[in-house]
Amino acid sequence: MQRVNLSTVSEFVLVGLSDAPEVRFLLFVLFLIIYLATMAGNITILVAMSTDTRLHNPMYFFLGNLSLLDILCPTITVPKMLEALLLENKVISFTGCMLQLFFLIDVVGTEIFLLAVMAYDRYVAICHPLQYMNIVSLKLCAHLAIGTWVAGFFNSLLHSSLIFTLSFCDSNEVDQYYCDIPPVLALSCSPTYSRELVLLVVAGVLGSAAFVVTLISYIYILVAILYMKSSESRHKAFSTCGSHLTVVCLFYGTTICTYVRPSSTYSPHQDRVVSMLYGILTPLLNPIIYSLRNKEVKCALRRLISHVRTLLTR
C-alpha cells in the first residue's frame, strides 16, 4: 500500500511496556487511574474557573488554557496504550500514527509557548501591578492565547510533513508506546539528515525563544521581589510564581531531553521514562501544583464542591 508514493508500510506496531500478562494488567490499572485522575483534576480546575467570577482574570484564563492542554496531551497517547496493555492490540495504521504524532507535537508546542506567555503575564503583574489590567487586557489575552495555539499548529504541521513524506520500507515496529518523532524517524529507509537538521533548528529556535522570554521574565520578577519591603508581599509573589516556575521546570526539562537532540542519541528505554514525565505525570501534577499553592484556586474549589453537595442533597 502506497502513502504519498513513498511508503510501502501501511501500519505500525507499537512496542508495549511489558509482555507479561500480570504486569500488563497492573500497568493498565495504574495508568487508567492516573488518566482518570488527570481528567478529573483538570476538568475540575476548568469548571471552577469558568463558574467563579473571582477567577475571571488573565492569570486564570491562561491557566484554563493549560488545563485544556493537560486534558488533550494524555488523551492523544494513553487510550491507545491502555488498549495495547489490556487487549494486546499494538497495531496502529499509518494515518493513525501520523495523526497521533501531529496532535502530540501540536499540544506540546502550544504548551511551551503558553508557559512563556504565562511567565510574561506574571512579570507584568508583579513588576507593573498598577498598569496590569491596562497592559494585559482582554483583547491581548485573546490574541496571546490564539497565537500560542496557531504557533503550535504550524510548528506541528512542519514537523509532521517532514517526517511522513519520508520512505518507510521494511521495519514498522515503533520502539515506543505511541508514535513520536525519534522512534518514527529511526524506521525510515531514506536519508534523514537534512530533515533532522531542519527539525532541530526549528525546535531549537522556537524553544529557545520561549525559554528566553520565560527566563527574562523571571529575572525581572526576582529583582522586583527582592526590592519589595513587605515580607507578606514577597511571600505572595513567590507563591504566585512558584507554581508556574515548578511547571516550567518539569515541562521544559523533559521536552528538551526528548526533542532537541539528534535521533542518533535516541534511547528507547530512557525516552519511555522521559515521555511519561511530560505526557502523563506532568498533566496530573499541574492541577495539584496550582491548587495546593494558590489560595484563590483552593477557595474556588471549596465553593464548587460545596455547590455540588448542595445540589446533590436537594
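Glycine is no exception: its Cβ is also placed from the backbone N, Cα and C atoms.
The following features are taken from TrEMBL:
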type     : residues : note
DOMAIN   : 41-290   : domain 'G-protein coupled receptors family 1 profile'
TRANSMEM : 25-48    : transmembrane segment
TRANSMEM : 60-78    : transmembrane segment
TRANSMEM : 98-120   : transmembrane segment
TRANSMEM : 132-154  : transmembrane segment
TRANSMEM : 197-225  : transmembrane segment
TRANSMEM : 237-261  : transmembrane segment
TRANSMEM : 273-292  : transmembrane segment
Cβ contacts the transmembrane segment (60-78)/the transmembrane segment (197-225), at least three under 8 Å, sequence gap 6 or more: no
Beyond the flanks of the transmembrane segment (273-292) by 6 or more, those residues with Cβ under 8 Å of it: 31, 34-35, 37-38, 41-42, 44-45, 63, 66-67, 69-71, 73-74, 77-78, 104, 108, 176, 178, 180, 243, 246-247, 250-251, 254-255, 257-258, 298, 301
Beyond the flanks of the transmembrane segment (98-120) by 6 or more, those residues with Cβ under 8 Å of it: 59, 62-63, 65-66, 69, 72-73, 76-77, 80, 92, 144-145, 147-149, 151-153, 155-157, 159-160, 163-164, 178-181, 184, 206-207, 209-211, 213-214, 217-218, 244, 247-248, 251-252, 255, 259, 278-279
